[in-house]
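Presented below is the structure to which this report refers.
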Amino acid sequence: MRECISIHIGQAGIQVGNACWELYCLEHGIQPNGQMPADNTTGGGDDAFNTFFSETGAGKHVPRAVYVDLEPTVCDEVRTGSYRQLYHPEQIISGKEDAANNYARGHYTIGKEIVDIVLDRIRKLSDNCTGLQGFLVFHATGGGTGSGLGSLLLERLSVDYGRKSKLSFAITPAPQVATAVVEPYNSVLSTHALLEHTDCTFCLDNEALYDVCRRNLDIERPTYTNLNRLVAQVISSLTASLRFDGALNVDVTEFQTNLVPYPRIHFMLTSYAPIISAEKAYHEQLSVAEITNSVFEPAGMMTKCDPRHGKYMACCLMYRGDVVPKDVNAAVATIKTKRTIQFVDWCPTGFKCGINYQPPTAVPGGDLARVQRAVCMVANTTAIAEALSRIDHKFDLMYAKRAFVHWYVGEGMEEGEFSEAREDLVALEKDYEEVGAETADGDGEEEEFGEEY
């Protein structure tokens with residue numbers, strides 16, 4: 001088996017996790033108490049969904065997941081929520097005091113006390129696997145726990161499970177919407193760790209998700225639940241081929257192979273289609289060609305950046321539902337002829353497609369319509385550098401005055417770490433610039449991008 005272990009860190013990670021596991025359970029017909037009436041091989045078996053769920057002898061399906069937070073309230077919601085019977089009590093680990101939006105608290109003072117318990121729990125989960133494929137880490141880079149404890153855990157996972165792939169789903173700070181003043185600090189410090197210790201990072205930001213909810217689903221004031229359910233659909237599409245059998249299955253390691261041209265260039269842009277409310281879906285023909293076109297719409301991106309400002313290096317299309325390879329080839333060919341999507345000149349083809357016959361599942365009472373087919377796009381594009389440089393710029397404005405730095409230093413961090421992380425990101429921006437530059441004229445003037453702050 002190719003098992004995956006999910007690790008949900010901090011409030012964002014846990015709440016996205018809730019939405020994901022709710023969706024997985026619906027997709028596989030697993031009840032909130034872990035029973036699965038349709039499953040004939042009790043206590044194991046080589047069913048495809050066993051990559052994400054382990055089975056007990058009593059026929060109960062338990063997610064291969066760990067929930068971690070430094071304060072109890074969010075974990076308590078899982079412990080008392082409708083899926084409380086799904087998890088083993090030891091899978092939900094909470095501390096007593098908050099990281100208080102402070103990377104240093106999550107990484108040094110408070111995170112240090114909890115990290116060994118978490119690693120022990122992960123070790124128990126991995127002992128339970130026959131062929132562990134890797135880890136999916138869910139966190140936000142702007143807070144304290146997701147950034148600090150998140151990067152601490154990733155560092156320790158690199159040591160303990162060196163060869164296993166680590167994919168991270170990171171909620172990154174949005175341009176206008178912020179939940180904390182020190183977001184840029186936390187984000188730069190944790191991106192520094194993500195650069196080194198993850199194989200692939202999927203960037204999502206709340207503002208882009210808000211816009212998608214407002215525009216496509218006509219939700220005037222989207223709540224976190226709306227956003228998380230949207231994110232869950234994306235993550236479900238990415239992991240569908242691990243959990244179901246399909247025509248063109250895509251493995252976690254295949255993502256890296258096809259999407260990451262250089263180890264540092266691994267920040268991905270995602271989008272999903274059709275995002276459409278039930279009233280509209282009734283009147284629209286959502287053909288393969290149409291949904292394929294709409295995932296490339298700049299407005300539908302899950303991170304605030306404009307793919308037209310950058311070049312694509314690689315692109316992965318994950319179809320699910322009633323889709324045949326012939327339609328996919330036609331849709332991709334159309335996109336190639338349109339020339340709206342610019343690839344770097346050293347990577348001419350750049351599309352990897354996966355097809356999964358399991359149609360997308362709609363959450364009862366959710367916002368998304370039930371549709372026959374859907375597609376999720378993951379792209380490695382130089383446009384994501386816009387989002388990175390935006391955070392770097394905000395970091396610079398604050399750090400020039402050393403604002404708020406004493407909170408970090410007081411928790412045992414050194415000021416040198418700030419400049420080290422920032423220099424690493426300067427190098428990353430440069431890397432993105434060079435990757436997107438034309439190969440023919442290597443010595444031309446490099447133009448700075450990042451026009452909009």
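Including glycine, each Cβ sits where the backbone N, Cα and C put it.
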Of Asn33, Asn40, Asn206, Asn258, residue recorded by Swiss-Prot at the GTP site of Gln11, Glu71, Gly144, Thr145, Thr179, Asn228: Asn206
Distance, Glu254 (active site) to Gly144 (GTP binding site) (CA atoms, angstrom): 32
Number of Cβ atoms other than its own within 10 Å, given for Thr145 (GTP binding site): 34
Residue among the recorded positions Glu71, Glu254 whose Cβ has the most other Cβ atoms within 10 Å: Glu71
All-chain count of other Cβ atoms within 10 Å of Asn228 (GTP binding site): 21
Cα-Cα distance linking Glu254 (active site) and Gln11 (GTP binding site), given in Å to the nearest integer: 30
